[in-house]
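Student: Sharing a structure below in structure tokens format, with a few things to ask.
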């Protein structure tokens, strides 16, 4: 899709005041819809929600599971908040996370000599670079050839997911596993886990990154350029900000962070590269970015909420047999409510 | 004979504003009624009520002996009213014939383009419209596009045509042709409402005139025998043509030198400005004004030529470098270029200066210093708002424009390019803007004042240039204004 | 070769339906990012309908309704509430994924739902023609419907008042409004119809080709359809041609393996996406979108 002079730009018409209450209402309404769906399945919604809550917060281990699940959503979502603020609709987190995973796995598996902490750090840097590179491919096609970024990033997601399968069926694969996966990583590169809770330090990286992005957005001239560009491209050009430079900046930042999210997922959770490990993460990232009202710091609670929901849903499925796909429905409905509630012209 | 249209006591409010406050209007068949008034006097609102685009809060409409109430544009059209908007309601990617058929019951669900094209040719000939049915609208000049609207009205057997500011985008020769078409329509027995704020056109073509001011009818008269001064008096409380008093100052050194500047739709343009001078650029809209302003400001790339400012070449400089060299720019598009409406006053005041002190300290945005600066600027430029944290969208047009002026003048520019700076402002705000331009001039800077309002350009400029077809058709000094010559220059494009 | 081309047509058929729906939506000014979800919901509803009633016709009807329901959601959120088209479309896709997965588990539990796929309807006489017969005239019913759909949509868009109004809505809705029609309503109708037609595309996948539904079985085909309607310049026949190209790229997979050419099947599976990106990049700046697309009314 090309863009002519008056081409549509995303306009998240955010109203600072009264936005968070509306998001809470949206969450409440979607929970209501979910309750109806649970009842349709012949279960008691209250029992189901109780099982969900207990499954997510019932023990330190479960809390740790929530935090681990939150981690990639937070890293990718905070970057997306920045992209959306600039009016750049990056839908490519899926692919960028996948590429980050490949970068990490390749670094660890190809590491000369015995693996150490340095290996882990190098692997995470590789994750950032690979995620950034994948975002750069999309940005180059988008800016250079005027193809709409949504289309490029979405199509590149499929390529990236197939690319994971490709490398797992070849150089990075574990022959004879019966499953597309890499060999397990040595313990030395695993991310440190907090004792008792068993969550890895990825969540801390995520919180730090979100706060840093929030600072960047509100306290630096570059953040100002992002905010102006997102609201009016014409005003940004008039102010002397280059839309192309801002687009490159937010895409590379978001791509790098998404890649890091992929790397952290591998080193912290799976300890190996697995086929399809990032499938669907891109949409979760979009969800948490919007739930957080495109405010990187507010993406932290938003991502925690989604992580909690999903961990709880798995427990709910185990205990009372309500399909965990319910979470995806809740996320979708929440998003629809948020879209209708926040974008309507004041 | 009963009137074709009778509007009685029309009231329409927008919030507290009574945009129409008890207006009566009569139009007879075979009559052209001029509806005269300043911006914001209620002309457009009245016509929107008539055409069913907004419901009235009071009053009634009788058209061809039948009451018209609770109607929508479709009903108004079916009754025989046609509206020709200032911005044409045409689909540019489609052909003339497709635009004519759009939404028209008589063209049928199965579209018969060739039969319709024949009708278009026939009607077009009868009224001297000269339209090719299969031309794409995007390829036609504005004057022709307007004729498509007239053609649509005539084909749909409209008895009443409303023309909203029909001459604002036309070159003088196109205006003459339009007036001739209107006279033919009058002969054909159509009633016409001609909305304008330009007196000469009213005098040339209208039979009677109704003048609106602040939502009320301030006068009504047959044109035969009316004097221009009398009509102008009914229209406004102030004399629009009164020239600003420009103090005599000796021209300074050359500050802006433009040689052979060209770009898409522009040039080549040569202009030289000295300090202490306002150069007015008059011309029909769409003749390269925006291209010139944006090329000078660095928003468009020049394909040839050079621009130098105080001896420093800035032809290829970035927007930022030009600002630092002393170039200030007030764009015509206030709502999405000059300002970010959803951002605060403080943010808008630093829009172009966020990389410089006092807004930036140690590489970060200096929040508090920025607020202090904003408060100072609000006071100095009389920006009336509760606080610097108020969103710009909550301000009136005049106060919004003051933000732009404050930001651009605070840099002490050597050159200011002001594009339609008084557009949509009330008289007080207009006066404020003009005053600031003159103060800047008196301080030794130079101003390029671009406007399609010829009288305004004449009132403030030391020299007046006319832009037509992307080039400067001619320049004359304030002392030696020759109106017919200006008119000729302005119509250069159409010739 | 005939096998290869027939496979290309088979793979292209669901894409063509989705692309036709997308053309309606985008011509009326709403980006059709939600095609994936509309197809998925259509695929699910078709199988459930056919399974529950043992009638393919009921399945098709439900596919139309299911896809249309997603279209209705997109229409309400984008047209009435003026939300961003792209994010709404994506959300609709996720919602459809979640709903179909959830409902499938509830309705079928762990058991697989199996229905008889729609068999070919050879056209009497014509199907006997050598080469062309098996290639063009021996398809299941929905494939013919896709061709009829292309013709029908072309006529609707370019030969009727409705089409004229629809196209004008995507270009200049204000002109439609002053012409006495309701652009908002036209957009709603266009997006809902888009869902219904794309739902049929989903039915082709599930009901006509495999006879069952699996989670997320559309696997990105909606996005390919979106790419093909852009490549086809918002014209039914152009989009159909683009769909055939993508279909051919996917059909290549089986051929290459058949010839024993040592190319990873993953690389071959990437081909449709890579070709789509390459073609879009190649068209680049020359693509002309409807002037008012993506902008709220």
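Placement of Cβ uses the backbone N, Cα and C atoms for every residue, glycine included.
TrEMBL does not curate its annotations; it predicts them automatically.
What TrEMBL shows for this protein is this:
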type: TRANSMEM; residues: A:19-41; note: transmembrane segment
type: TRANSMEM; residues: A:120-143; note: transmembrane segment
type: TRANSMEM; residues: A:150-168; note: transmembrane segment
type: TRANSMEM; residues: A:197-218; note: transmembrane segment
type: TRANSMEM; residues: A:238-261; note: transmembrane segment
type: TRANSMEM; residues: A:281-308; note: transmembrane segment
type: TRANSMEM; residues: A:320-343; note: transmembrane segment
Student: Counting CB pairs under 8 Å, which listed stretch among A:19-41, A:150-168, A:281-308 touches the transmembrane segment (A:320-343) the most?
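Tutor: Ranking A:19-41, A:150-168, A:281-308 by Cβ pairs under 8 Å to the transmembrane segment (A:320-343) puts A:19-41 first.
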Student: With Cβ distances under 8 Å as the criterion, find the stretch in A:150-168, A:197-218, A:281-308 that has the most pairs with the transmembrane segment (A:120-143).
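Tutor: Result: A:150-168.
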Student: If we call contact 3 or more Cβ pairs under 8 Å (sequence gap 6 or more), are the transmembrane segment (A:19-41) and the transmembrane segment (A:281-308) touching?
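Tutor: Yes, the transmembrane segment (A:19-41) and the transmembrane segment (A:281-308) are in contact.
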Student: Six or more residues out from either end of the transmembrane segment (A:238-261), which same-chain residues have a Cβ under 8 Å from its Cβ atoms?
Tutor: 71-76, 78-80, 82-83, 85-86, 88, 90, 92-93, 96-97, 99-100, 103, 124, 127-136, 138-139, 142-143, 205-206, 209, 213, 222, 225-226, 228-229, 281, 285
